[in-house]
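S.K.: I have a structure I would like to understand better, so I am pasting it below and will then ask my questions one at a time.
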Amino acid sequence: MFSVVCFTRSSSGLSFDFYAVSCPSAEIMVKNSVRSASSTDPTIPGKLLRLFFHDCFVEGCDASILLQGNDTERSDPANKSLGAFSVIDSAKRVLEIFCPGVVSCADILALAARDAVELTGGPNIQIPTGRRDGRVSLAANVRPNIIDTSFTLNQMANIFSAKGLSMDDLVTLSGAHTIGSAHCRSFSDRFKLDSNGKFNLIDSSLDKEYAAELTRMCPAGASASVTVNNDPNTPLLFDNEYYKELLVHKGLFQSDSALLNDERTKNIVLDFANNQEFFFESWIQSFLKLSSIGVKRNDEGEIRQLCSMTNG
Ligand code: HEM
């Protein structure tokens, strides 16, 4: 039974345990890199998960986000706050020693995001591998494919649908905001302090006391590098707390609050808030869909030697 599952090809042309023969320790090596980086820096899991999302939504899950250079995806302002590139680089370095030229950066990133979830208490997901690394990375492709916090539910659903993801997937994958953090500028337009220092709530879908707390954490003139936890209660745990916070109007971004404020998504938010197991089961399915968006096989891509540059 085990080997049947292991070698089954998924609909994306990927297969489970793709490296079983060519690099049997690939997955464990990635996991060790993620584990050791996260033990010294607990912000790593959140960064890895977001990095993967931004990779998959632009050009598919092909590690195009990792390419450095003028006008690559990384240079778009929406990607300036991405991190954890060094974790992927160090996993790649180890893999190049033991299995040179075998494991793609796209797979390393997918596995690392998967591991980030498990490491923070989320479900353990077996994901298919065999992705090839893309050769194209253009800043101009970022805006049309990445969601801004100001988007309406319809705008978000349209982008998700263009990737083969449903509105349920949108609610489920937004649950990633149960870990990680955000810079003040990504939510500071939801309230403001007037010239007399008086607090004004601009977005009434945000809890007033929480907003006031956020202004204290993000005072005027604060450094642009200040960050606030996405999940105010259990920021280091991958759990269903994000949905519980949504219910009490403590979704950090306007795009989070939008999920509670629409009848089409409200009930799923409620279900996930009430039942973590159900959220985890849905997460597994939605994550598998996310991780197979636009994957490249065979000649469509390559196995990069360095994750930050194409083989040239
Ligand atoms: C659906 C619309 C989404 C919007 C508008 C959105 C927006 C954002 C923004 C603005 C930040 C803060 C960035 C910063 O200031 O550093 C953020 C953080 C984050 N996002 Fe999303 N996001 C969305 C969906 C997702 C999805 C689908 C995932 C993953 C599956 C995800 C994973 C994360 C994670 C883990 C963080 C924390 C990053 C860190 O700690 O560095 N997001 N998101």
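One-based numbering along the chain as shown.
Backbone N, Cα and C atoms are what each Cβ position is placed from, and that goes for glycine too.
TrEMBL entries are annotated by machine, without manual review.
From TrEMBL, here are the annotated features:
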- His54: active site, proton acceptor (ACT_SITE)
- Asp55, Val58, Gly60, Asp62, Ser64, Glu73: Ca(2+) 1 binding site (BINDING)
- His177: heme b binding site (BINDING)
- Thr178, Asp231, Thr234, Asp239: Ca(2+) 2 binding site (BINDING)
- Cys23-Cys99: disulfide bond (DISULFID)
- Cys56-Cys61: disulfide bond (DISULFID)
- Cys105-Cys307: disulfide bond (DISULFID)
- Cys184-Cys218: disulfide bond (DISULFID)
- 13-311: domain 'Plant heme peroxidase family profile' (DOMAIN)
- Arg50: site 'Transition state stabilizer' (SITE)
S.K.: If the criterion is a C-beta within less than 6 angstroms of any ligand 1 atom, which of the recorded positions Arg50, His54, Gly60, Ser64, Cys307 pass it? List them in sequence order.
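M.R.: Only Arg50 meet the Cβ criterion.
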S.K.: List the other residues in this chain whose Cβ sits within 8 Å of the Cβ centroid of the Ca(2+) 2 site residues Thr178, Asp231, Thr234, Asp239, in sequence order.
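M.R.: These residues sit around the Ca(2+) 2 site: Ile179, Asn233, Pro235, Leu236, Leu237, Phe238, Asn240, Glu241, Tyr242.
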S.K.: So which other residues, same chain and not among Asp55, Val58, Gly60, Asp62, Ser64, Glu73, have a Cβ within 8 Å of the centroid of the Cβ atoms at the Ca(2+) 1 site?
M.R.: His54, Cys56, Phe57, Glu59, Cys61, Ala63, Ile65, Gly134, Ser137, Gly294
S.K.: Using C-alpha atoms only, work out the spacing between Cys105 (disulfide bond) and Ser64 (Ca(2+) 1 binding site) and round it to an integer in Å.
M.R.: 9
S.K.: I'm trying to understand the geometry here, so how far is the Cα atom of His177 (heme b binding site) from the Cα atom of Arg50 (site 'Transition state stabilizer'), in Å to the nearest whole number?
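M.R.: Here the two Cα atoms are 9 Å apart.
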S.K.: Tell me, which recorded positions from Cys23, Cys61, Cys184, Thr234 are within 10 Å of Asp55 (Ca(2+) 1 binding site) if we use the C-alpha atoms?
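M.R.: Cα within 10 Å of Asp55 (Ca(2+) 1 binding site): Cys61.
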S.K.: Between Cys56 (disulfide bond) and Asp231 (Ca(2+) 2 binding site), find the distance joining the two CA atoms and give it rounded to the nearest Å.
M.R.: 23
S.K.: Sorry to bug you, but what's the C-alpha spacing from Cys218 (disulfide bond) to Arg50 (site 'Transition state stabilizer'), rounded to the closest Å?
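M.R.: That separation, Cα to Cα, works out to 22 Å.
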S.K.: Out of Asp55, Asp62, Glu73, Asp231, Asp239, which of the binding-site residues has the smallest number of neighbouring Cβ atoms within 10 Å?
M.R.: Asp239
